[in-house]
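Some features that TrEMBL has for this protein:
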type	residues	note
TRANSMEM	20-45	transmembrane segment
DOMAIN	36-292	domain 'G-protein coupled receptors family 1 profile'
TRANSMEM	57-82	transmembrane segment
TRANSMEM	94-123	transmembrane segment
TRANSMEM	135-157	transmembrane segment
TRANSMEM	185-214	transmembrane segment
TRANSMEM	235-254	transmembrane segment
TRANSMEM	274-295	transmembrane segment
Amino acid sequence: MALLDEDIAFHSNIPAPLDIMVAVVYSIFGICSLFGNSTLLYISYKKKHLLKPAEYFIINLAVSDLGLTLSLYPMAITSSFYHRWLYGKTVCSVYAFCGMLFGICSLTTLTLLGMVCFVKVCYPLYGNRFNSVHGCLLIACAWVYALLFASCPLGHWGKYGPEPYGTACCIDWRLSNQHTTARSFTLVLFIFCYILPCCVTVASYAGILVTVHASRKSMEQHASRQMHITSVQTIIVKLSVAVCIGFFAAWSPYAVVSMWAAFGHIDNIPPLAFALPAMFAKSSTTYNPIIYLTLRPNIRRVMHKHRIPGTCQTKVTGKTSLTDMFFTCRHVLPPESCDRLLLEGVRIRPGLMSGADVSDTGYAGQDFWRS
């Protein structure tokens with residue numbers, strides 16, 4: 001009887017043509033993820049002596065996304081083609097554990113990256129103290145945080161099991177619906193692995209955008225000529241918006257369905273309602289490298305230098321705009337001194353600043369965002 005129930009649970013509950021479509025989409029995601037994240041790691045290796053501490057988070061994101069790709073996609077693709085889960089109960093738990101571990105680590109890394117960028121841009125006096133040791137410690141914390149939540153179902157707080165659509169595994173949503181203990185784990189997971197990272201990420205990038213806008217307004221009050229948004233500011237705006245949109249698009253559907261399964265009538269939820277959010281969540285392995293490969297000109301230049309397909313050279317000029325001067329000055333002097341010097345036409349050279357530390361801030365050295 002138990003074997004029969006297991007066989008039913010591991011049989012696909014969505015139409016076979018849709019399973020084929022899911023397998024094809026996963027195959028595309030897998031290829032894009034392998035290429036994108038491998039490219040990020042290759043570029044990081046080529047410029048390993050020039051890496052900024054904040055870029056460690058991008059490397060860790062690529063590692064966790066690759067882990068997700070290699071551990072999940074092959075089994076998900078083959079199972080979808082065969083219209084059932086092929087690998088048994090034990091491997092199902094391993095699959096679900098890897099999905100939780102790498103997925104939460106990627107989420108946490110994105111959140112930490114946003115926080116670090118916020119501190120460096122909005123509070124450069126403190127941000128300039130951020131070094132490689134701090135970066136490695138925060139990355140270690142991200143892995144411990146992910147491991148903590150991924151291990152809970154193995155310790156019988158919650159449970160891993162087949163997804164309702166039958167060809168993949170994750171949290172046993174049916175158990176979450178029926179037992180208070182399992183439901184409490186789902187709720188804690190929702191709060192600490194979705195709501196909290198979501199709020200912190202949005203707040204961080206909103207703070208960055210506000211700082212960019214306020215800095216520009218401050219300069220316009222003292223400048224006699226019309227100013228324009230610099231390329232650095234444009235990159236910051238694009239990166240901030242892209243990260244937030246990608247974050248919401250990938251994880252929100254799954255978060256909503258998990259709450260629906262835990263607190264609603266799970267029998268009324270169609271299996272496809274679980275399959276589609278799972279696809280969105282897995283898409284994060286693809287959009288993360290796309291964001292950084294397309295919006296970071298320094299990465300595009302390295303790609304062009306090593307003749308990686310699909311890249312073009314980024315043109316960089318040596319001109320320094322008034323806004324760039326303001327950002328540079330702002331990291332070195334008090335605001336009133338900065339305003340006075342700029343009004344007098346004094347140009348603050350980046351060479352006067354503390355090299356590697358300042359180049360991490362994003363505005364001052366501009367290396368994190370553009371160079």
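Cβ atoms here come from the backbone N, Cα and C positions, even for glycine.
In this chain, the transmembrane segment (185-214) does not touch the transmembrane segment (20-45); fewer than three CB pairs sit within less than 8 A of each other, excluding pairs fewer than 6 residues apart. Between the transmembrane segment (57-82) and the listed ranges 135-157, 185-214, 235-254, 274-295, the one holding the most Cβ pairs under 8 Å is 274-295. When each of 135-157, 235-254, 274-295 is checked for Cβ pairs under 8 Å to the transmembrane segment (185-214), 235-254 comes out on top.
Away from its own ends, the transmembrane segment (135-157) comes close to residues 53-54, 56-57, 60, 93, 96-97, 100-105, 108-109, 112, 116, 171-172, 181-182, 184-185, 189, 192-193 of its chain (Cβ-Cβ under 8 Å, at least six residues beyond either end).
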